[in-house]
Amino acid sequence: MTEALISAALNGTQPELLAGGWAAGNASTKCSLTKTGFQFYYLPTVYILVFITGFLGNSVAIWMFVFHMRPWSGISVYMFNLALADFLYVLTLPALIFYYFNKTDWIFGDVMCKLQRFIFHVNLYGSILFLTCISVHRYTGVVHPLKSLGRLKKKNAVYVSSLVWALVVAVIAPILFYSGTGVRRNKTITCYDTTADEYLRSYFVYSMCTTVFMFCIPFIVILGCYGLIVKALIYKDLDNSPLRRKSIYLVIIVLTVFAVSYLPFHVMKTLNLRARLDFQTPQMCAFNDKVYATYQVTRGLASLNSCVDPILYFLAGDTFRRRLSRATRKSSRRSEPNVQSKSEEMTLNILTEYKQNGDTSL
């Protein structure tokens, strides 16, 4: 038993929770969480992958939108904001990578912990809402092309994007209260990805509200838009048109992101919180360990959207792909004399792409 207590102290597990995964305190009892080595290496490995690919992909995307995609269309505004949200998130990953390689001993202070969790949730729900905006924009362009001409302007997209940022920051602000650091019995510091036990019940209510209004409702809107888009593509004569191809890519990529990244995370986060609250009998301890381990897997999957979104810009945007190819060719031939002035070339490119794609181009 003494060896078990020493092992518990080294691993950050509460010693009184070791006996069969069950603890008997003065007034309450609860299951312990058996953390395996897999959990210490899985998340930092995923975060390293996301940081490298997400940093490069979103840097290129932001560079393209700022310097090579002018003038922007409405959908370009949404995609730029999506890339910006992803880029801000990947900048926070080095601290998390160090945290997990350091056996989850947080050394950066309480404020940085709160900011870390806040930015993660801002990226998570900001990405969901911007993907919803992109889907609604594409729906109106495909299903109601004439009625939507005035609604797809860049100015309206700027207003909607500003509203999205304000809404997300306001809704996620409570994370700054719920998250934070805590001291384990072995004196190491944890950075809560949810909250401490004392705030768990109110956090569960808050988490359910954000899940319903910031995930479930947007997901239903996206499914409705894509169902109507697919119906329109079937019945309209859009064979081999750029709009048809871009719409199909958009449907596939966004639904894949939701199925792989967002949906599993929200399901397992809710189940993990429920287990911490109510599944605290001796018979449920092994089940709770499995729920917690699976939840950690989905946390890694939830971060993958930051490196998958650049694929959306490339595959679902003919204009983005052409201008990226043109920009890379121009950078490799800077020493060659320009035959055409920059303004003439830009005018020609804009007229050509507008003729091919209209206002829904990207």
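Each residue, glycine too, has its Cβ placed from N, Cα and C.
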Would you say whether Swiss-Prot puts Lys154 on the same side of the membrane as Leu324?
yes
Pop the Cα-Cα gap between Cys31 (disulfide bond) and Ala293 (ADP binding site) into the table, whole Å please.
14
Most Cβ pairs under 8 Å with the transmembrane segment (156-177), selected from 77-98, 204-226, 250-273:
77-98
Tell me, in order along the sequence, which binding-site residues from Asp193, Arg274, Arg276, Tyr295 have their CA within 10 Å of Cys31 (disulfide bond).
Arg276
Least surrounded among the recorded positions, given as Cys191, Ala293, when other CB atoms within 10 Å are counted:
Ala293
With a Cβ cut-off under 8 Å, give me the same-chain residues at least six positions beyond the ends of the transmembrane segment (250-273) that come close to it.
124, 128, 131, 134-135, 138, 194, 200, 203-204, 207-208, 211, 215, 219, 222, 226, 229-230, 291-292, 294-295, 297-299, 301-305, 308-309, 311-312, 315-316
Just jot down the residues in the same chain as Arg276 (ADP binding site), at least 6 apart in sequence, with C-beta under 8 A of its C-beta; none if empty.
Asp197, Leu200, Asn288
